[in-house]
Structure formats: structure tokens, C-alpha cells
């Protein structure tokens with residue numbers, strides 16, 4: 001028995017249950033006039049090829065009901081075991097330029113006990129139930145499937161029961177929060193790890209940018225690494241040493257990847273621009289280095305910052321970064337307005353009047369300082385914490401044009417020389433009479449005579 005694996009013009013191949021090689025067949029050997037398709041289940045007779053004694057082909061091919069053919073025989077008994085080696089999927093993206101083949105999937109190994117005998121069995125990543133792949137040391141439950149070929153057994157229906165209690169817990173910082181997912185900046189501040197809100201223990205609404213969290217790493221299908229069992233850590237900062245009190249002036253030459261998702265590197269970079277020995281030196285920064293974690297630093301913006309040793313690798317990074325933004329108000333309309341400030345492709349920055357501090361009513365031309373925040377859902381920036389630095393010039397009425405001033409000077413108010421109006425004809429009705437013949441009566445509203 002087997003299933004149709006390939007169809008050609010007049011012939012095809014069958015994937016057999018009890019042998020590795022595919023079996024050739026000709027359409028003339030199909031019984032009952034059935035039309036076969038790929039994946040149809042069939043039974044057949046194997047005979048040697050008349051032209052080559054080493055080859056076989058299928059004859060008397062009969063179509064079977066779906067579900068008849070099985071390549072595995074499952075035992076009803078469930079086994080418990082521990083993962084000794086992780087299973088991986090094939091990954092076409094890791095193809096070597098010197099080799100034309102993709103990276104092949106690798107089987108995992110499970111160690112288990114059967115009647116006091118220590119045994120191991122292989123399993124494949126495609127046989128894991130759920131979206132989370134078991135890792136080394138994890139407890140799993142599985143069934144044993146006998147492939148209908150001699151001596152081949154595989155673990156199937158593998159289900160994760162529990163993570164390794166000794167698995168390493170990592171620290172990080174919330175770098176991005178979106179609708180139902182986020183990213184965690186690692187303790188070294190050089191990478192970001194994806195996590196889903198379902199993996200966070202606690203109220204997601206209480207989670208804020210820059211919060212320190214604890215998590216474990218997990219590999220999902222496709223070998224994608226993500227964070228699981230995320231919870232808030234007690235510590236609220238990641239500084240291993242005191243920040244250098246010197247304040248530097250700099251310019252952002254690369255933003256964080258959360259601001260520009262097209263860039264490969266996660267870290268942002270700031271270059272010192274003030275005159276001195278350190279001019280031109282470049283320092284990385286992450287979400288922890290932002291004075292306002294919600295601020296959206298753009299490439300080319302001017303900032304002031306300090307230097308501090310951060311992370312487990314003791315890297316000197318920019319810290320307490322504050323942008324130096326000052327611009328004028330373009331216009332104010334009802335509940336919103338625009339600032340003359342270029343962000344990305346837009347030359348105007350939107351703000352809502354509720355973001356204006358101290359209840360000040362802004363006018364066009366006012367000079368303001370502000371922060372820029374990025375809406376993760378829409379990808380658009382807007383201004384917040386808007387402070388008026390100084391008022392703009394007051395609108396002054398434009399002087400009357402000279403031509404009008406000269407005309408007024410030439411007008412005289414003397415009645416003797418002023419133009420005189422005279423009645424040439426009094427108004428009359430159609431019948432050449434004055435006024436109207438019908439008598440005007442007072443009528444009550446809504447009543448018709």
C-alpha cells in the first residue's frame with residue numbers, strides 16, 4: 001500500500017509504506033477506470049521490471065478510501081521523558097553560498113524510562129503539539145509510533161509538560177509596547193527579544209517603557225527566539241556605576257530600531273559634536289538611556305546626555321539623554337495644531353491642545369519646546385509635553401495702502417461742492433396710482449379668510 005507521490009504524462013510514482021524507494025507505475029495499470037490524483041491512497045502488486053531485474057514497478061493499482069493507508073502505527077500508551085537534544089526545522093534562510101542545499105531539519109532526542117530500562121527515542125519538530133518547542137531539560141509527554149519499516153520508531157504527539165526548573169532567568173527592559181505584543185531590550189542593551197502579552201504574568205496595562213522585567217528564552221517553530229514567563233523585576237534601573245556628571249552635546253546619527261524598523265542594528269548611536277578632545281566620538285544608547293522613555297529620537301536631532309557604564313559587559317553608553325527641540329507653532333485649530341518641525345517625511349508635527357502645559361493658549365508664531373512620541377499602531381509621530389518658551393510677534397493690522405490714503409485726502413465734506421441728489425420721478429403702481437388699493441388687514445396666524 002501507499003499514496004500517490006507524483007504524476008507525470010502517462011505514468012507516476014507511489015510512496016510505499018514498507019519501503020523507502022518510490023514505486024513506478026503506468027496509467028494503464030489503474031483498475032476500475034479510476035482517475036488518480038496526488039495523495040490518493042492505493043494498493044497494488046509489485047512485479048520486477050522486464051527490462052531491468054533490479055527495478056520493480058506497480059501493477060493492478062486500486063484506489064482505497066481515504067484514511068486506509070498509515071505510515072505509522074501509534075501505541076495508545078503515553079510515555080514521560082526529558083529532552084536531551086532539541087529538534088529543529090529546516091531553514092532555507094541559512095543556505096550556504098557555497099552549497100545549493102538548505103539547512104536540513106535535525107531530529108531531537110528524548111530520554112525516558114520503560115519498565116526500569118533507560119531508553120532514548122528520536123522526535124521531529126513537526127510532531128510537537130503547540131507553538132512552543134521543547135528545550136533541553138524540559139519534561140514532555142509523547143506516544144511511540146512504529147514506522148512500518150523494520151527497526152524504526154519515533155516519538156510523536158510530543159507535548160510540553162513543564163520547563164526545566166533550572167532554566168536560566170534573564171533580565172531586560174521593556175523597549176516597545178504594541179497592541180498585543182512587545183519587545184524586551186536585553187541586559188547588555190544590544191538586542192531586543194519579542195514577547196506576547198499572553199506570556200506576561202500580571203496586568204499588561206501596568207507595563208511601561210523602561211520597566212525592568214525577568215524572562216526565559218523559548219524557541220518556537222521556525223527556530224524563532226522569544227521571551228516567555230515575563231514578569232516585572234524589583235529593580236527599577238540597570239546602572240552598575242554612577243553616571244559621569246559631565247553633560248555632553250551630541251547628535252543622533254542612528255535611532256533605535258523601534259523608531260526605524262528597517263535598520264538591522266537595535267542600538268541607537270550618538271556622536272559628540274561639541275568642541276574638545278571627545279568631539280566626533282560615538283556612543284551607543286538603548287531605551288534605558290532615555291530620560292523620557294516614551295521620547296522618540298529621530299536621526300539628526302540634537303541632544304544633551306551623560307556617559308555611564310551599563311550592562312553585564314560594562315559598556316560605556318549614552319545615558320539620561322534629553323533632546324533639544326525648539327520650534328515655532330505653525331497654526332492652531334480648535335483642539336489641535338501643528339509645529340514647524342520635520343519628522344521623517346513630514347515637515348509639520350501634530351499636537352493636541354491637551355499636551356500644552358500650564359493651560360497656555362498657543363498662537364501661531366509662539367516658540368515652544370516639546371517631546372516627540374511614536375504611535376506604535378499607526379507609525380506616526382506627534383508632540384507631547386509642549387511648553388511655550390516665548391510668545392510670537394503679535395499680529396499688527398497692515399497699514400492702509402497709499403492709494404487709499406490719497407483718495408481719502410482728496411474727498412471734501414463741503415455740502416456746497418458735494419454731489420447733490422434730486423428726485424426725477426416718484427414711484428407709481430401699474431395703474432399709475434400711488435400706493436396699493438387693497439386694504440391691509442391684521443390676520444391671525446394660521447387662519448385663512
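Every residue gets a Cβ built from N, Cα and C, even glycine.
No curator has checked TrEMBL annotations; they are predicted automatically.
What TrEMBL says about this protein:
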{"type": "DOMAIN", "residues": "1-63", "note": "domain 'CSD'"}
{"type": "DOMAIN", "residues": "93-160", "note": "domain 'CSD'"}
{"type": "DOMAIN", "residues": "169-232", "note": "domain 'CSD'"}
{"type": "DOMAIN", "residues": "265-323", "note": "domain 'CSD'"}
{"type": "DOMAIN", "residues": "324-388", "note": "domain 'CSD'"}
{"type": "DOMAIN", "residues": "399-440", "note": "domain 'SUZ-C'"}
Which residue counts does DSSP yield for the domain 'CSD' (324-388) in the helix, strand and coil classes, in that order?
6 helix, 35 strand, 24 coil
Take the domain 'SUZ-C' (399-440) and average the pLDDT across it for me.
77
Secondary structure content of the domain 'CSD' (169-232), with strand meaning DSSP E or B:
6 helix, 37 strand, 21 coil
